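Notes follow once the structure below has been shown.
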Amino acid sequence: MGRAGAAAVIPGLALLWAVGLGSAAPSPPRLRLSFQELQAWHGLQTFSLERTCCYQALLVDEERGRLFVGAENHVASLNLDNISKRAKKLAWPAPVEWREECNWAGKDIGTECMNFVKLLHAYNRTHLLACGTGAFHPTCAFVEVGHRAEEPVLRLDPGRIEDGKGKSPYDPRHRAASVLVGEELYSGVAADLMGRDFTIFRSLGQRPSLRTEPHDSRWLNEPKFVKVFWIPESENPDDDKIYFFFRETAVEAAPALGRLSVSRVGQICRNDVGGQRSLVNKWTTFLKARLVCSVPGVEGDTHFDQLQDVFLLSSRDHRTPLLYAVFSTSSSIFQGSAVCVYSMNDVRRAFLGPFAHKEGPMHQWVSYQGRVPYPRPGMCPSKTFGTFSSTKDFPDDVIQFARNHPLMYNSVLPTGGRPLFLQVGANYTFTQIAADRVAAADGHYDVLFIGTDVGTVLKVISVPKGSRPSAEGLLLEELHVFEDSAAVTSMQISSKRHQLYVASRSAVAQIALHRCAAHGRVCTECCLARDPYCAWDGVACTRFQPSAKRRFRRQDVRNGDPSTLCSGDSSRPALLEHKVFGVEGSSAFLECEPRSLQARVEWTFQRAGVTAHTQVLAEERTERTARGLLLRRLRRRDSGVYLCAAVEQGFTQPLRRLSLHVLSATQAERLARAEEAAPAAPPGPKLWYRDFLQLVEPGGGGSANSLRMCRPQPALQSLPLESRRKGRNRRTHAPEPRAERGPRSATHW
């Protein structure tokens, strides 16, 4: 079946290579912010209702300034600027008799027999279309939201409640995928209570209701619908198509490989009205193709088969948007997630290619070599591509061919032939994606926000890779937006307000698209961040405004090289030298933690009286940690100046300058006895050895920011580091009470 076709049949050849890829460490973010940090310093807002879960449907209304949320038994209307203020809620529970029927059918009365709102669409200027599971009795209603933003309204229209079959799923565990075009709703759902009859369904509007052929695995084979989009094909609205993204069990897989899940993109024509004698009230223009997201390897491709979400990023030409999709693996051996990018031209090219064909049960899937009837199956009836005005006018051989050949032979491959961004061996899986196109000083960049199943959002930027047209994804931030680490179930973005709205089972969160101040206080840190939202303005790292005519806007997203942009910058303060003291034979910890998790830390050492700097190498007595340098069994010759520097993007940035003074045990004891004997003194200048005495005295409260150390303890020298650290904190008896006294002047010494 060719490269793409073979991939469709055997998606898991490269097991050995996949295991090797799986052993690789996941890419770290440049900046990691906890829930507490986001809430305290970066404006994270959250919203939740009491005794309510499952916030799955999000709808951004920029005109009214509202975020509409569908949840268990509720629809909520939130303020787009701050979702925790001016919230309105509408209770919409399932009727008692429906809940009882649901319970009698064997469903859980507390977790399944509720009305889980799955769909929210803007129906007209005053109403929303909302659909929910209705305790396994799908139902839809029109919700009045008013005309103006100044007076938000949220009211259920009791006279416009209708059956939701074919619009909303029965089961709350099933995802809802739909799009409202005009007054027509296109949905991918299970149309029966048992969840076996999956269909692509059109309802509402003036055109007849249509569905896919039921119980035909060639059309749909246990699909899981993900997203639906309406994308124009030309200036003629008769050519408009609806694209469905889903995953299903592959019918083209070899029986020896078992049940294999693949990702698909399907298409239907919006003006399809079904066939005249065959495929009556069924789609006559339905086609599907495999959506491939894989990493090429020597032994074969490693596939990410589980499509999780798709985001359509509009371009100047509304016919050619970019499609950003997130995938995960289905293998229990190799686990990872990936982002692949697709162009609509490649999708259309696959649907204009050869059809997949199989002669019989014992035959292989091949490219169809016979005559394809006219008009070509999958083409819309319009004046653009033919003379047919309706699908009911299509010849019988066209309808019959469309019924038997819904699958295309060629797959849709990602731009660049490989994922834009992937994470292997991470403790999370990608679940959702949203994208924003940002104008920067050196061009336009796509910024991706990727939700995970552990309540985090990854901020990734797509940057050009060398001179080739392909791009690579750089992980800028990891944001913990949910305190309970609940999986991200939905995301919506407001480019106008620069806000991201994230939903989970437990809450809805709101976070800004940028946190420029978090990147650093100096020019180099701001430029190294490569955040297209941010630039150095000569004083601080602030929001970049493309229209601002400011002279000192420094930004380099493509290369992240501050050597030129920040060469004349005087914002970085002089690197002060901090005195640190240690006792011979004990341990000392020199703390130095770079702001960026992607930076490599280098330590150099300058011995007293020597001008040359030598690199501190890893050996038995030295251990590098994420927070600094640990020196064990200190010697007098360890005294000197230690310089900590961060290396990132080939740029070296000094961070700390620490002067270590190693004292003998005799000197330490003498200083301690002098401290005991010296009388109290009025407040005055603090001596250089006060910090040292606070460190060596038991319970002295030494600062962790400069040094962690202990007196020599021979009995503990052979123990592991953690044991020695615990030993320093143990006490076998209560400390003797000591009188409080203030610092003394140097005259007592």
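Any Cβ shown, glycine's included, is placed from N, Cα and C.
Source: prediction; values computed, not measured.
The compositional bias 'Basic and acidic residues' annotation in Swiss-Prot covers 733-743.
Under a cutoff of 8 A between CB atoms, and with a sequence separation of 6+ in the same chain, the neighbours of N82 (N-linked glycosylation site) are Q45, Q510. N82 (N-linked glycosylation site) falls outside any helix or strand according to DSSP and counts as coil. The feature N-linked glycosylation site is assigned by Swiss-Prot to N82 (among others), with sequence analysis given as support.
Taken from Swiss-Prot, the feature N-linked glycosylation site applies to N124 (among others), supported by sequence analysis. Residue density at N124 (N-linked glycosylation site): 10 other Cβ atoms are found within 10 A of its Cβ, drawing on all protein chains shown. The secondary structure of N124 (N-linked glycosylation site), as reduced to three states from DSSP, is coil rather than helix or strand.
The number of other Cβ atoms within 10 Å of the Cβ belonging to N427 (N-linked glycosylation site), over all protein chains shown, comes to 11. Per Swiss-Prot, the feature N-linked glycosylation site maps to N427 (among others); the stated evidence is sequence analysis.
Look at Swiss-Prot and you will find 702-749 tagged as region 'Disordered'.
Residues or ranges marked as signal peptide in Swiss-Prot: 1-24.
A Cα-Cα distance of 43 Å separates N124 (N-linked glycosylation site) from N427 (N-linked glycosylation site). Secondary structure at N427 (N-linked glycosylation site), as computed by DSSP, is coil.
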